[in-house]
Structure formats: structure tokens, C-alpha cells
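Have a look at the structure below before the remarks.
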């Protein structure tokens, strides 16, 4: 390179300095704080399955959280205002229609041992929802004509639907916690948040609905969470187990013969 070219290059560099480096714009801390829960939910939906996250919202938030708290408040007014039952008898009834919650291990065993059409979870969401819808609708339409005994059976059926759906989603959570151990704390946190938020809404709105609709019609609103369980049973993702069972049986037939030959020198 000649001296003239070198001088021209130096002059060009002197008069045209390199552009300043641009720094990345820092996000607003308040905006980041607001968006963080949504990013967390997006991460869970990506790693797990959107239908599974929907199931946690519907069962833990709407069924276990809202319905259970709403049920506790409204049933007290229902017995007192509609059937004129003494408080001492109501306490006995409370113990009876919470028996399905005590039987949760039995519901869980049923979902594990008795698959329906190759599915362990989806049919039980549908069964739980149908039981809840029928029972809540019967209470809402029956009134005094329903009778104390029939009303008690309907309330037991409502809680049975809640308990069955609750133990079924717990089985789904346990399965995902085994497959993705690192996300198990996140799933438990999501369940706790949904349950607490749903219970808060249930306790806060139960008095309003009893005052404006009456306890009988207010109990009929529990058919909505039960219907969401039916919807969940059709949309939640679950692998069909019949093919896996056939594969295991085939492998079981083929496996023992070579080891036995080597063991006994046949």
C-alpha cells in the first residue's frame, strides 16, 4: 500500500468514526413482574401439555376450590331454608356427604385397575361430571318435593363427583411428576394457587348467589363445574394403554426361554 493510500485511509477513519454500540433496552421491572406468571404458565404448557394445565385449572380451581367452598356455605342455607332441618341433623348430614372424600383411595384404585376402552383417566372425568350434573340439576329442580333423604343422596353424589375428579387429576399429576421430576414443584405450586383462588371466589360469592337466587338454585350452579369435568374428559391428552399392555404381554412370552436354556444347560 502506498503512502498516499495510507494517508487517505487514516483521514477517512478520522472523519468517520465507527458507529456507537447500541445497548439492549432493559424491560420495565413492573411489566416483567406482571408477565412472569404468564411466562411460567407458557413454560409449563410447553413442557407438559396444554390440556393437562387446563385440567389443573378446571379441577383444582373450579371443582375443588370454588365448588367445595361454595357447597359448604350454600348447603347450610339449603337445609335450613328449604327443608327446615334442625342444625343437629345438619351436622350428621355433613358427615355423610363428605364420605366420598374419605373414599378417595378407592376412586384412585379404580382409575388404576379398571381402564375403560383403554383409558385410565378420561372416562372417570366424564363419569364424575355426569354424576355431578345430574345430582345438582335434581336438587335445583326438586325443591321440597325432593324429600330430605333424596336431597341428601344428591348432595352425596355431588361430593362424589368432586372427589372422583380430584383423585383422577392427582393421578395425572403423579404421572407427570415421575416423567418430569424437575417440574414437580411447579405443578404443586400451580395446584395450590388454583385451589386457593377458587376457594376465595367460592366463599366470596356464595352469599351473593344465595341472596339473589336462593339456596336451591344456587346449588344448581354446581352443575357448571361438573359439566366442565365432562368437557375435560374429552379434551385431556392421555395415551391409550391397550397397545402398551399387548406389547408387554408379547415381550413377556418371548423373554423367559433363552435365559432358562442358558441357566440349566439345555
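Placement of Cβ uses the backbone N, Cα and C atoms for every residue, glycine included.
Because the structure is a prediction, the values reported are computed rather than measured.
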Exercise for review: From the ranges 18-39, 216-237, grab the one TrEMBL calls transmembrane segment.
Suggested key: 216-237
Exercise for review: Select the range from 52-71, 91-110, 122-140, 146-169, 190-210 that forms the most Cβ-Cβ pairs under 8 Å with the transmembrane segment (216-237).
Suggested key: 122-140
Review point. Going through 52-71, 91-110, 122-140 one by one, which has the most CB pairs that fall under 8 Å from the transmembrane segment (190-210)?
Key: 52-71
